[in-house]
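Notes for the one structure printed next.
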Amino acid sequence: MNSAPIASVRSRAERRKWLIEFVGFWLLSLCNNFGYVVMLSAAHDILKQEGNDSTTQPVSHNTTNRFDCNPTSTGAILLADILPALIIKVTAPLFMHKISYNIRFALIVIFAVSALVIVGLSKVVAFSLFGIACASISSGFGEVTMLQLTSFYPKHTVSAWPSGTGAAALLGALSFAALTAPLKISDATTTDADTDNDTEEKITVNKTTTVTNFMSKLQLVKPLLKYMIPLSLVYFAEYLINQGLYELIFFHKSNLSHSSQYRWYSVTYQLGVFISRSSVAFFRINHLWILPIIQFTNLGIFFACVYRTAFIPSIWLVFGLVVFEGLIGGGAYVNTFYKISIEIPEPDREFSMGVASVGDSFGITFAGLLAIPLHNAICQ
């Protein structure tokens, strides 16, 4: 007679536990990526300091140079925002198990706060780049830590992580664009859950039982290439668009300034990312290789937009393309890690999650390296 009430209590307890775990990882991922996104959204404004403070003659805004170029490509901001994270992601899986999660989270918070303070107070581009590097360290260390942490929890935490990063992307870009454009606030002043004992035991045991030697860890990397290569290619095309071409697609007759247009490109891109990163519970992509093909097609379309902006009737068409680009990028990210969470054996899952996160960073890094000479070639 009492079986129904007992089952009901268990059901409520399970739903509550599910909600706590999902919301916890969602908030962790939101906080982890917020600073990273703000730095990329502010890239055009940060580099404009160099143009304003430079003693050299600024680029003339006449018909011979219709792109209204900054002296430096926003790819420089991208490199400062990704290279430290890439170094951490490449090396962290080899030593991360020796650092407790409490210490990891303390380091993540320290670097994140330092980044916002340094960039907010900086008047020199070089010092701003140092602050951006601090944000990169925080984000990279946090991504490896939290993706590894999901291996100790049910599968729904894997979908919570990319959804939260998508929310961070949208919130970071939207907050910067909204606060710097309509309210006319300068970018300088603007910048001014409990786990069970069982889970804790799992983590402790894991540290002592899954530490393998260097060669055996390298052997675990090869099966991950089928996930990492498509992700890396998608992110290469995506960030070459974002940091190499966005700033060159300038509608002179728009009511928005050049910097405002760049900010709102970032917002609409992050909207697409947020939607697709939150979609894995409803829609999954099994053939990851399709996504690089689509994203490279987008890259070709954006190249055409750079040279044919005058023939595009409305900036809203570009906003639509940007949203679609974000959908593809976010979809590649969430489906990659979801497939790893269900296809990789549990003993190797923590290490695999950390290693696979290198895939997007490699793509972003090469995009940043190419964005700088691409910017110079087009502008000159």
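Glycine too: its Cβ is placed from the backbone N, Cα and C atoms.
Automated prediction, rather than curation, is the source of TrEMBL annotations.
Marked as transmembrane segment by TrEMBL: 18-39 (among others).
Taken from TrEMBL, the feature transmembrane segment covers 103-121 (among others). Here the transmembrane segment (103-121) has Cβ contacts under 8 Å with residues 31-32, 35, 38-39, 42, 46, 96, 127-128, 130-135, 137-139, 141-142, 145, 188-192 of the same chain, all six or more residues outside its ends.
What TrEMBL records for 127-147 (among others) is transmembrane segment.
Listed as Cβ neighbours of the transmembrane segment (159-179) (distance under 8 Å, sequence separation of 6 or more from its ends, same chain) are residues 21-38, 40-42, 146-147, 150, 185, 187, 190, 260, 263-264, 266-267, 269-271, 273-278, 280-281, 330, 333-334, 337-338. According to TrEMBL, the feature transmembrane segment maps to 159-179 (among others).
The annotation transmembrane segment is assigned in TrEMBL to 224-241 (among others).
A Cβ distance under 8 Å defines the sequence-distant neighbours of the transmembrane segment (289-307), meaning residues of its chain 6+ beyond its ends; these are 67, 230, 233-234, 237-238, 240-241, 245, 248-249, 318, 321, 324-325, 328-329, 331-332, 378. Annotated transmembrane segment per TrEMBL: 289-307 (among others), in sequence order.
According to TrEMBL, the transmembrane segment annotation covers 314-334 (among others).
Same-chain residues lying 6 or more positions outside the transmembrane segment (354-374) and placing a CB less than 8 Å from one of its CB atoms are 72-76, 78-79, 82-83, 85-86, 89-90, 92-93, 96, 140, 143-144, 147-148, 220-221, 224, 227-229, 231-240, 242-244, 333, 336-337, 340. Annotation comment: TrEMBL describes 354-374 (among others) as transmembrane segment.
Within its own chain, the transmembrane segment (224-241) has Cβ neighbours under 8 Å at 78, 288-289, 291-292, 295-296, 298-299, 302, 325, 328-329, 332-333, 336, 339-340, 344, 352, 355-356, 358-360, 362-364, 366-368, 370-371, 374, counting only residues six or more beyond its boundaries.
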